[in-house]
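Visitor: Heads up, here are the entries from TrEMBL:
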DOMAIN    8-169  domain 'Lipase maturation factor 1/2 N-terminal'
TRANSMEM  14-31  transmembrane segment
TRANSMEM  43-63  transmembrane segment
TRANSMEM  101-121  transmembrane segment
TRANSMEM  128-145  transmembrane segment
TRANSMEM  234-259  transmembrane segment
TRANSMEM  280-301  transmembrane segment
DOMAIN    325-465  domain 'Lipase maturation factor 1/2 C-terminal'
Amino acid sequence: QVGQVFLYFQWDSLLLEAGFLAVLVAPLRLLKWRSTTWRAHDSVTFWLVRWLLFRLMFASGVVKLTSRCPTWWGLTALTYHYETQCIPTPGAWFAHQLPVWFQKFSVVATYVIEIAIPLLFFAPVRRLRLFAFYSQVLLQLLIILTGNYNFFNMLTIVLAFSLLDEEHVGYWLGRSKRRHASTWPPSLRSLLSALMELSAYALLLYWSIQYFSLEINWEKRLLDSKVAFTYHEFTTWLQAVTLPLVGLGFLSLSWEILFAMYRCFCVRGCFWKLWATLQWGVFATATLGMFAVSLVPFTYIDYESNGKLWPGIHQMFSAVERFQVVNSYGLFRRMTGVGGRPEVVLEGSYDQQTWTEIEFMYKPGNVSRAPPVVAPHQPRLDWQMWFAALGPHTSSPWFTSFVYRLLQGKEDVIRLVQADESQYPFSARPPVYLRAQLYKYWFTGSAQGSPAPWWRRQLLHQFFPSVSLGDPALESLLGQHGLK
């Protein structure tokens with residue numbers, strides 16, 4: 001809230017929520033002489049991390065369809081996404097060259113990973129949870145390769161570790177303790193687990209083929225796909241599953257709480273048994289409270305389900321809402337830049353005759369410059385320039401103040417544009433005049449053989465008029481936005 005639009009992204013809210021959960025997950029060492037790395041109630045608080053991951057991924061998949069964005073419904077979103085996202089990487093240029101059928105199949109895979117697979121987060125079969133873990137990590141790694149989304153993808157991978165267990169991490173480190181000898185006939189438990197695992201994979205495959213009409217076109221050697229359900233059918237399904245998903249989460253949490261209580265009774269010594277039970281009671285209560293208040297933002301995906309929640313839960317949420325310890329999510333809701341990415345190019349001059357473009361460190365400008373790799377840093381100004389290009393400059397009041405500070409030659413602001421003075425054309429003295437033009441940018445095609453230039457662009461119109469210090473138009477805009 002302090003940074004206003006510059007610090008008001010969904011991953012900032014995600015970091016707040018994950019940070020608060022880390023307080024509950026971190027060890028509480030009240031009795032130093034009995035300090036251990038494991039406590040009976042650890043799985044209860046750690047479950048909240050898994051619930052946060054579920055809410056993040058499931059909502060991000062659902063909003064793509066509830067937004068009615070034609071590119072998501074037509075499975076063509078990724079044919080625009082790579083070149084129109086805020087700050088692409090060089091990998092985005094190569095991903096943009098992939099054939100359309102593959103881009104459409106990638107959208108289908110995104111739906112499966114974000115909507116269907118998160119249901120496996122609460123599966124009783126361990127290998128299904130591991131499958132869900134690697135699916136989420138794969139998606140995040142592909143996003144990292146094609147886009148600069150700062151710490152968001154790495155934070156999501158950290159949250160995905162809530163799907164693992166000590167044995168699997170030990171396997172990575174070469175410290176796996178369990179060594180199972182193959183026994184025949186297999187136990188009933190292993191048979192049921194294998195049956196449930198195969199059933200889950202078969203359902204995922206059937207669901208994907210059935211609802212996205214996946215069909216191999218042998219003549220053209222491609223995979224055809226299209227959405228085989230209507231908006232009404234999807235919203236009806238969403239309305240039918242939202243509250244049962246809440247019930248699934250509650251059952252999963254209840255199991256963790258009861259199993260943790262059993263572990264408390266297994267602790268040796270009456271005093272330590274009582275101490276473990278006391279801690280279990282405190283953290284189980286805190287976990288149930290966090291779960292309850294999280295139901296309000298989670299059910300925003302279906303307002304009818306939101307209205308059916310117990311009124312006391314809404315009151316609890318209202319009491320803590322200002323702290324943002326629980327939030328609603330829904331990334332990439334709509335695809336912008338269909339028909340070309342709008343880009344604001346700032347120009348400065350001393351005489352209003354010769355104009356020099358001001359090159360930013362990260363956002364597209366010079367068509368021959370390769371897209372950068374800047375994550376996990378998020379250049380907030382470059383990101384806001386992307387948002388500013390989506391509408392008139394009056395919808396981004398900060399832009400007027402930005403122009404005003406550049407005309408004044410404020411070093412703090414200039415360093416946000418260019419940290420290297422030699423790259424800033426007005427490092428000797430500030431420009432007398434500034435203006436901004438709106439362009440449309442596209443990635444170049446692969447016909448050239450190598451991405452040089454990386455971009456092509458077309459001038460649309462003036463974005464911000466030519467102004468100078470003391471200009472009545474600039475003074476009026478500053479006053480209008482309450483900036484002076």
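We number each residue from 1, going along the chain as drawn.
Backbone N, Cα and C define each Cβ position, glycine as well.
Provide an account of the burial state, proximal residues and distances for the features listed.
Guide: Remote same-chain partners of the transmembrane segment (128-145), defined as residues 6 or more beyond its termini with a Cβ less than 8 Å from a stretch Cβ, comprise 53, 57, 89, 91, 95, 110, 113-114, 117-118, 120-121, 153-154, 156-157, 160-161, 163-164, 168, 196-197, 200, 375.
Only residues 6 or more beyond the boundaries of the transmembrane segment (234-259), in the same chain, are considered here, and those with a CB under 8 A from a CB of the stretch are 43-44, 47, 51, 54, 58, 62, 65-66, 119, 122, 284, 287-288, 291, 295, 298-299, 301-302, 304-305, 308.
Residues 21, 24, 40-41, 44-45, 47-48, 51-52, 55, 58-59, 62-63, 66, 238, 242-243, 246, 249-250, 253, 257, 260-261, 264, 309, 313-314, 316-317, 320, 325-330 of the same chain lie 6+ residues outside the transmembrane segment (280-301) yet bring a C-beta within less than 8 angstroms of a C-beta in it.
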Visitor: Tally of helix, strand and coil residues over the domain 'Lipase maturation factor 1/2 C-terminal' (325-465) according to DSSP?
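Guide: DSSP classes over the domain 'Lipase maturation factor 1/2 C-terminal' (325-465) add up to 36 helix, 34 strand, 71 coil.
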Visitor: Which whole-number mean pLDDT does the model give the domain 'Lipase maturation factor 1/2 N-terminal' (8-169)?
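Guide: A mean pLDDT of 92 is what the model gives the domain 'Lipase maturation factor 1/2 N-terminal' (8-169).
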